[in-house]
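Shown next, in structure tokens, is the structure this report addresses.
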Amino acid sequence: MSEYTNEHFNNRELSWLDFNERVLEEAMDERNPLMERLKFLAIFSSNLDEFYMVRVGGLKDEVLAGFNRPEDKTGLTPKQQIKSISMRAQELVETQYATYKKITKQLSNQHVRFLRTKHLNKTQQDFVKEYFRTHVFPVLTPIAVDAYRPFPMLLSKSLNIAVEIASNGEGKKRLALVQVPSVLPRYLELPTDDEEHTDLILLEDLIIQFIDSLFKGFVVESTMPFRITRNADMPFHEEGSRDVLKQIEKELKKRRYGVAIRLEVQQRSLRKELLFMLQDVLDLHDRDIFIVDGPIDLTFLFGIYNQIGMEYDDMINETLIPFIPEGLESGKDLFQSIAKQDYLLHHPYHSFDPIVRFIVQAAKDPNVLAIKQTLYRVSGDSPIIKALTDAAESGKQVTVLVELKARFDEEKNIQWAKQLEKAGAHVIYGYKELKTHSKITLVVRILEGGVLQRFIHLGTGNYNDSTAKLYTDIGLLTTNEELAEDATNFFNWLSGYGERPSWHQFETSPDDMKDFFLNKIDDEIKLHEKYGNGRIVAKMNSITDRAIITKLYDASSAGVKIDLIVRGICCLRPGIKGVSENIKVISIIDRYLEHSRIFYFYQNGKEDLYCSSADWMTRNMKKRIEILFPILNASHKTYIKDMMALQLVDNVKARRQRSDGRYVYVKRETNEEEIQSQIIIHQYTGGRWNNIPSVFEREPSNWAEREVLRLRAENEKMTDD
């Protein structure tokens, strides 16, 4: 079928909201511990903030510019998308706050209470009064709003309190604003009579309790907390810039004061006159206003989880200790180990520590001549940055591509770039109009006799030791000569001038990766027509590229069996008769964020397997520098296939997409044991594969079940031996 209609696709933005709904489902899932559910509420809020700042902001820009062309998959115009987004987002936020109320009630039963000032006992009242006097009052600034003092330009995502006041001798009402200080904790832990109990109060409630102290001689008539979200979809103007770093620094200052795109107000404090005034000043449509039944901005729950949650073992997930492969343990010479064999690491089941030590050892090793690395997002106190700094200061040749345009990490990356340059590293920022999203490190080491040996790390995720504990990613440590040659040419291409090199093993975007994928799917179609065994399994964060989607539809129509594991946006619709009936799509949302990108093509038994920094998104194919690399080692292939096999039979955290685009939990059959893939993958990675669910005993009907059945047979054989 060559022509596909709008009904064969999901809209990108609405599909993202479906993903965030799946995040919200984790907060609603009573199988999860209470504090974990709180954390998912915070993740939902954080996700939605960024979505509005970037995606909705971009759509509003298009409307203001008079751009009303339908998008290329579902045919919705920017105006239609904004309307649909608003309706869906309002529904989800309403569900979020209903869930918040339910969870906080359950927490209260477990002696963790969120209190308002009227619920405090005498000791707590005295405590908050003193805290306000010594910690809060000195940093508050009341801002009058009148003809001579116009409504201020409030920072995006800052929490504020609108205050309606009247003088003692007048009936005339006046308006003032008080910003809730972001330099103070959002909540305060209160003294209790029992160490088993935890009582908390929010900073805005505490401020409102004593807000009259800011307006001597006036009576506070009403208060209304509110929060503005501003457009952060501000493209960097690189054309003609002599210094990209300085240009980006300049552009970043504008982001905090972009056009308002969303207003959140608290339902219990709602004052219609104040709301209408804010709506008028900010020039917002009714659909841009979110009236929430609880505290504004639930991202403060991250702090509750990290600080309070850790005190309650029964309210958080049991920690899964990551494994370290033999040969990469602390104290081992990593170069000696990697020279003997390639290592595949699957984070966070495998510790990220060997990757950090790989860079640290390279920085300290006198035989290392050069270190080259791409950095997209790193942690706040990055040991990798420190190691690269030390290496540069010791005289090693250090080349680092720091991506200054990594969304919301720009300021941090500018700081790292300056630090590395000061240390003597050669810092580059990539190509104009492209983001360098590749994850690659090259270490050049001299051996006895002057022979050079190259060590490479390739990955699907960032060099971020913090998120590596939460994101699932694949990493490869190798000395493979062809991969090493490709890595050398890749860095030379980034840092110098010249045409893109010819690769031995790599495929890269924006040049040839998309064509490579289209050709691989075409090959699978041809082989299926000849042998009848076509099979594609792909795992990624999102799929949006129309050309790849339609090529998958062609493959499905030809009879190729396709399984897609897509955590986030999925513009493809599976199960449509005559279009995608041979395609299945699942999404897994669990304790770890599924982040690895893996692509499997059966190829009539050849079984080609690749990992990449790229998703099947148009931006990855056209607007980013990405690397796709093959998995060549047979045991590594087996591990990755086994891992994907387990995910494809997950019946606890997997949701399948229906042909109408909606997601439902994978239904567990009667008497079928629970298969929570992330837990089982952890056991499998550690070699503890002893308890196989009985579901594997039925006749395998697809590639996934055949693979798991094979694993079970191997495990039983090992046990018998």
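Any Cβ shown, glycine's included, is placed from N, Cα and C.
What Swiss-Prot records for Asn47, Tyr471, Arg567, His595 is ATP binding site. Just so you know, the Cβ of Asn47 (ATP binding site) picks up 18 other Cβ atoms within 10 Å once every protein chain is counted. Following the DSSP three-state reduction, the secondary structure of Asn47 (ATP binding site) is helix.
Counting Cβ atoms from all protein chains shown, Arg377 (Mg(2+) binding site) has 19 others lying within 10 Å of its own Cβ. Residues or ranges marked as Mg(2+) binding site by Swiss-Prot on the basis of sequence analysis: Arg377, Arg407.
The active site, phosphohistidine intermediate feature in Swiss-Prot is assigned to His437. When secondary structure is read from DSSP and collapsed to three states, His437 (active site, phosphohistidine intermediate) falls in the coil class. For His437 (active site, phosphohistidine intermediate), the same-chain residues 6+ apart in sequence whose C-beta sits under 8 angstroms from its C-beta are Tyr376, Glu403, Ser613, Ala614, Asn620, Arg624, Ile625, Glu626.
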Other same-chain residues whose Cβ falls within 8 Å of the Cβ centroid of Asn47, Tyr471, Arg567, His595, the recorded ATP site, in sequence order: Asn541, Gly568, Leu593, Glu594
Cα distance (Å, whole number) from Arg407 (Mg(2+) binding site) to Tyr471 (ATP binding site): 18
Least Cβ-crowded entry, counting other Cβ within 10 Å, from the binding-site residues listed as Arg407, Tyr471, Arg567, His595: Arg407
DSSP-derived structure type at Tyr471 (ATP binding site), helix or strand or else coil: strand
Rounded to the nearest Å - Cα separation of Arg567 (ATP binding site) and Arg377 (Mg(2+) binding site): 20
Taking residues Asn47, Tyr471, Arg567, His595, which bind ATP in the record, the widest Cα spacing (Å, whole number): 15
Arg407 (Mg(2+) binding site) - helix vs strand vs coil (DSSP): coil
